[in-house]
Each structure stands twice: as C-alpha cells, then as structure tokens.
Amino acid sequence: MGQSVLRAVFFLVLGLLGHSHGGFPNTISIGGLFMRNTVQEHSAFRFAVQLYNTNQNTTEKPFHLNYHVDHLDSSNSFSVTNAFCSQFSRGVYAIFGFYDQMSMNTLTSFCGALHTSFVTPSFPTDADVQFVIQMRPALKGAILSLLGYYKWEKFVYLYDTERGFSILQAIMEAAVQNNWQVTARSVGNIKDIQEFRRIIEEMDRRQEKRYLIDCEVERINTILEQVVILGKHSRGYHYMLANLGFTDIVLERVMHGGANITGFQIVNNENPMVQQFIQRWVRLDEREFPEAKNAPLKYTSALTHDAILVIAEAFRYLRRQRVDVSRRGSAGDCLANPAVPWSQGIDIERALKMVQVQGMTGNIQFDTYGRRTNYTIDVYEMKVSGSRKAGYWNEYERFVPFSDQQISNDSSSSENRTIVVTTILESPYVMYKKNHEQLEGNERYEGYCVDLAYEIAKHVRIKYKLSIVGDGKYGARDPETKIWNGMVGELVYGRADIAVAPLTITLVREEVIDFSKPFMSLGISIMIKKPQKSKPGVFSFLDPLAYEIWMCIVFAYIGVSVVLFLVSRFSPYEWHLEDNNEEPRDPQSPPDPPNEFGIFNSLWFSLGAFMQQGCDISPRSLSGRIVGGVWWFFTLIIISSYTANLAAFLTVERMVSPIESAEDLAKQTEIAYGTLDSGSTKEFFRRSKIAVYEKMWSYMKSAEPSVFTKTTADGVARVRKSKGKFAFLLESTMNEYIEQRKPCDTMKVGGNLDSKGYGVATPKGSALRTPVNLAVLKLSEQGILDKLKNKWWYDKGECGAKDSGSKDKTSALSLSNVAGVFYILVGGLGLAMMVALIEFCYKSRAESKRMKLTKNTQNFKPAPATNTQNYATYREGYNVYGTESVKI
C-alpha cells in the first residue's frame, strides 16, 4: 500500500513539473533497448539526442528529450520482459530498440498489448504488427530487380533465418516463374567458421559462380573471409550482398581478387546531412561515445540517428495538434492482467507513421503498418578499380543503372591504361641491368621474359609496367589458409593484369587463373655439383676393353697357340722329310728341323698375328692355315674395336657422377635433395602417386635441416657449397642456363622427371587472355621464341657450348694417358736385356763344358763307334744349346 502511494506521488510531481500550460510535457522521455553487439548504435542514439537537445532553434526544439537505456539478453525471455517493463514503468512515451528472432515476438506483443510504440532499425518483420515503426527499408524488391537485370538463372542463396523468410519465399516464387536454378542454404545458426568453408567448397564443386548473401554485416564479413581463403574471389565470380551497408563490409581483400561484388547502400555519403554528422561524429570522445571516433559509421547507426529525428518530429506534430499525451492510470504496470493499454499510445503511433522527414538514410516515410515507403536505395558495384555507384532502386522506377557506367562483368578496357605485368627476378628471365640504378621503369630490366613482354605488348598494343613480385615466389596455395602467394596471388587478388615469368602451367593454378599456350617446354631435372675429372690411370690404355675381355684374349691367345702346335704335330704336311740324296751340308751348320711349329714358334706366330706384325714362318698344312685364318679374323675385329674406343678414352676426361637418375637419389641417404619452397616442382612431388617420387617427397618434407629453398639462387648456392652432398630439383631450362654460367661447377644429370610448359598467365575471365594467347602463338610460328632462348642461354653462355669438346677440338694427350705404354716398353727392354744376359751366361757355361769335353776326347782319341758328329743346335725342334746325334 505504501509503495502505491509513493508511486502516485512520484507521477503527480513529475506531471506538475514536466507539463506546460497546454497539457503537453516539456520533457519527452524515450526508452532505449540495446543488445551487446550494438555499442556504436548506443553511442549514435545518445549523440542524436544530444544534437537535438543542443539545437539553439527553439522552433525546432519545443521540448527536451530524455532517455532511459536498458540492455537486454535476447536469449533470455525474462531479461527481455524485465527490460521492457523497466522502460514502461518509467513512463516513457516511445521506445527505441533492437530485436532479433528470439526477442521479436516478446517485444512486439508487449507493444501491441500496451499501445507503446517501438521504433527499431532491426530487420523488417513479415507480419503486419501494430505499434512497430520499422526504420530499415525492405530489400525484397531491389534484390529481385537486380537478379532480373543481371539475368541470373543459376545461383546460390545464403540467408540468415533471423531475417525472416520473406525474401526466400519471393525468390522461390520468381524461380518458378523464370525457371531459375536456386540453391538455398541457411547460415543463420552456423557457429563454426569451417562450416562456411565446406559450403563454399561444395558449391564450387557444382560450378557455382554466383552467390546472393542475405545476412548481417558481421556474418557477411565472415563468409567473404572464407571466400578469400579459398580463392573464390577471382574473375568470373559474382557476389550480391543483400545488405543496406555496402560500405560497412570489409571488401579490400575481396576486390583484389577480381570478382564482381554488388551491394546496396542506404546512406548517401554525399548527403550534406551525412557529411555534417560525420564531421561531428569523428570529434567525439571515445570514452564517452565508444566506437565513434576510430570506427566507420554503420548504416544501423545512421538508422538510429534517423529514428530520433522521427520521434522528435512526431512529438512536434502532436504538440502542434495539442494532443494530450500525458500518462494516466495504470500506465506503469506492464504485467497487469488483463493488460491496460495506454490510451494516448494510439495517437503517438499515428503521429509516428505520419512523419515525413529527410534523414541520413534519405526520405523517411511509413505506410499504415509502420514500414518504410517511398525510399531510394543506391546500388554499388565493387571491382578491381574500386567501388562505384552503379545505379539506384526505388519502388516506382525499380532498378535504374547509370547510363555512363553500365554494369558489366568484363574487366575495364586495357587500351587506355597501363597494364601491370608481374614477374620475378630469375636469371636469365628477368635481371637487373648493371646500370639499373641510373634507369627508370622497364628500362631497368633485361632478360628473356623482359623481351617476351615487349614482344607481346607490341602485338597486343598495350602499355605495360613491369612489377617484381614482392615475396619473390612463383605462386602456391597455403594448405591451411588457402591463400595464394607469389605471382599467382598477384593475379588472383587483382594486383596485376598479366604474369610474364617462368610460371609453370599446372592444374591447381589453372583453376584460379588462365594460361596462354606454352612459350617454353621443359621438365623437372636434377642439378648436382660437377664432380672432379677423374685422372687417367697408368694403364688407362686398357680401358677401351673390359678386363674380362682382356682375360679372354689372353686365354684365346694361349688356346690358339696350343691348337696350332697340336695341329702341326698331327698334320703330315708340316713335317720336313729327310732326303739322303741331297748334297752334304756344312758340318758346322745346324740342320733344318723336321717341324717348324713347336710350342714356342706357335706362341710366337700367334703373338705376331695378334700384333698385326707377322713372322718368318707360316703354317703349310690346311688345318694350320684354318687356325691362322680364324685367329687373324679374331684379331682384326678385336684390334679394330679397340682402336675405335681408344681415341675416345684417351682424349676425353671422364667425370664419375654419383647420381644418374631420380631412382639413384631415392635409394641413397648420403646426398640430400630438395626443391624451391613455393612452386610447381614442390607441388609435383606433393601430388605425385609414383612410388619413387612419393618416397622422395616423404624424405624432403621431413628432412632436417629443411631442404626447401626460398629462391632458385639459394638452391644453386647450396649445391655449390655442399661439396657434392646436395642435389637441387628444378626446371630443366633453369638447370641448363646455370650450367652455362661461371664458375661452371654444376651439371644436369639424368633425364627430365616430367614434361610441362611455361605460360603467360592472366586473371580468370580477363579480356587480355585471348590477345595474349594469339600473340604467343604468333611469336612461336615466327621463330622469335627460339631466337630469344638462343640469345639468353647459349649466345651469352660463359662455359662454352655443351658439346664443344667433341666438335671443335680434340684434347691433347698427356703423359698420364700413355704412361703405361712406356712402362711396358721399358719393362720389355729390361726383360730382353736380362734374358740376353742369362742366355750369354748359359751359353758360355755350355761352351766351356763342351770345349773341356772336346779337349779330353782329343787326348784319348777313342775310335768312333758310328759315323756321327755332335752339333750344337739352335733351331726349334732340338734342345737349346744341347747336343744331338745327327747322321752325316
């Protein structure tokens, strides 16, 4: 009872102090209901009230605005009820606030039951509710108009369930009428960011390139962030953002990809009222007005400002009409059963709906259901060149594009602007000139790709500017973030128009950019440090034939000699028959042997034939001549083959390479090997399903220290410093070029691991794609591409032509090449002298014994038993230096 009395006294005093003599209050109390994520809107609400109260024009300010603010938790129905009742119990005349799908029904029910007007910038409701003034215009008509203008027949519709199903229903009805293919997905309840990514990837597999995103700004930013990460913002994609705050959305990263982005804007930044408000807004104290100074003005904050204008204008109208809006009765009890509505609430609602003012969001009018009407929405378009106003939409004219800036999916004309050509510093493709510091623009560079870009620009008739890629990478997509780096990233994100560089054509790159026909064919190759030239051995003259062949020749020599000896013994035609009628010989001369091919003469004959010198004896029998003939044929083939290989082995210094192929690399552990950290070579091994390459990739990704290098120059330097313990895998063209550069200590080994090509790249859907492709084909047919390669690879080589050693001159033989021959000669001479000495000693001893025996025989003079005479025999068939009984 006491509390009721105190409450009555309070309102009586408030009525006496707050009302003028005409019954209209001097102070209008309004309520404010804000959620946690409406910090800037709260600041805009208080600042708009402050602007009104500080207006010096008393005609415009016949009363003072006062506000009471409550914060509500929309997920808690008790919190929503308590917040509304708190406002109602304070005797507010109208409530400004926000709602979502969970709190909307509660708030609108209270407003309808208690006749309390609720002015909101939240999304428009589908139902026809009373006492709800909707500051935000509906987008349904504008969206349908643009879908028809762009002639979208297949697209994805991502919508937030909190915003209602009116747009979804309208789109589905239009899809049935126009035979559209619409894939609708609700994203309102998604909390996991990865789920957005999965949806986009699924749509991309369906070849979807057009998206209509109907969400609040925060959720749109989240979705677009995933679009950028997945690289789905390149040319060819089109995103329509069903939101009234196009300039509130973070589009910097998206615009660089080249995708076309269309959106709606309710705040006209060229409006003097907007400009004046922003000038004051940015000067506010951040501590008193959070998110005012250092944050851009949201369109919901502009709607909040306009809501205060509407409330103020409505009460001005009521004051002019002398409408009594005083609070009476049980106005402070919102939970009374039955509910007791405020009798003056209908007058206030009617006044609010009758308001027509110009605000920051344009013309503000309402229909009988409190919805915005007769409004204009600007249509914006974002491309690589930036955002621009493409047209406008209203209820009467529908979408009206600006005639001088017709909307198009094509890139802007390249004839009247300078094309940005991204490239990479890589010899011999692009290099700084020695005096580049004194030069400017494209004149600072030289190389194969510099000349190629000049030729292409000449054929396409464009002006261009060479731009070195900032991170020094060719282009790969990060497995985690899905962001492209290098030159591919420059094209994908719209920072360049063409890439003229040693950029390999691959499948993953072709998905996000376009390539011309290859201007150079190549493959992955192995670079190693050139091994030291092997010094020839003393017996290097034996190298033309394997040691197994030499052993076989020795055995063949011995075998032929033995066979010749045996054949000569068995054949009667090799024996000399004795003739007793012949004239008597000189007793002092030895007789001819009956067979010339004893074992030693057979060996001598075979050796003479093998050395192609011959001897003074030859076989007389047919069998012996057959043996000699096949031996001569054998020696002819062997000596000819030996002579043919001898020149190559003695004049060419061989280098023994420890690695000859990728298989050799994979099955050893002493020599490390790696690739460029970001490029097609690394991607080739990562994606390969061949066992050898899978094994190599497994080693490379787990090797410590890392075998991946940031640049090709780093990889080459590592090869040169590793003393043969590191192999670098790179494109064959680069490998061949470096092999021709000083200090000439690297070499390519083995064949190419794959076959691919370099191409000129352009963004997806670029208008330059076809002209550039035709230019490359024309340069190839004219032979200019071959001339450029010869110019930069071989004409400017520093190590001589690759085959110059065999074609231009023959290396002079050194002593080490033929030292073994001299050793054999010296050894043979020494052996001959030693044998001669032995023969001399043996003969001297034999002669001494013979002379002594002869002397003794002469002293005794025994009668000879037979007619015989002793002769020393030197001929084959007798004991050397022995005596034989020869008949006289």
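Cβ atoms are placed via backbone N, Cα and C, with glycine included.
In summary, of the candidate residues Cys449, Cys552, Cys841, the record from Swiss-Prot lists S-palmitoyl cysteine for Cys841, whereas the others have no such entry there.
According to Swiss-Prot, the cysteine that forms a disulfide bond with Cys85, out of Cys215, Cys334, Cys615, is Cys334. The record from Swiss-Prot ties Pro502, Thr504, Arg509, Ser680, Thr681 to L-glutamate, and of the options Glu455, Glu731, Glu736 it ties Glu731 to that site too. Assigned with DSSP, the residues of the topological domain 'Cytoplasmic' (616-621) fall into helix, strand and coil as follows: 0 helix, 0 strand, 6 coil. In the structure shown, the C-beta of Cys334 has more C-beta neighbours within 10 angstroms than that of any other entry among the recorded positions Cys85, Cys334, Cys615, Cys799, Cys841.
Relative to Cys799 (disulfide bond), the recorded positions Cys85, Asn260, Cys334, Asn374, Cys841 all have Cα atoms farther than 10 Å away.
According to DSSP, Cys85 (disulfide bond) is assigned to a helical segment. Counting other C-beta atoms within 10 Å of each candidate's C-beta, the recorded positions Asn260, Asn374, Cys744 are led by Asn260.
Considering only the recorded positions Asn260, Cys334, Cys615, Asn374 (N-linked glycosylation site) has Asn260 as its nearest partner by CA-CA distance. In the predicted model, the topological domain 'Cytoplasmic' (616-621) shows an average pLDDT of 78. Long-range Cβ contacts of the topological domain 'Cytoplasmic' (616-621) within its own chain (Cβ-Cβ under 8 Å, at least 6 residues beyond either end) map to 564, 567-568, 571-574, 596-597, 601, 605, 627-628. Under the three-state DSSP scheme, Cys799 (disulfide bond) falls in the coil class.
The secondary structure of Cys615 (S-palmitoyl cysteine), as reduced to three states from DSSP, is coil rather than helix or strand.
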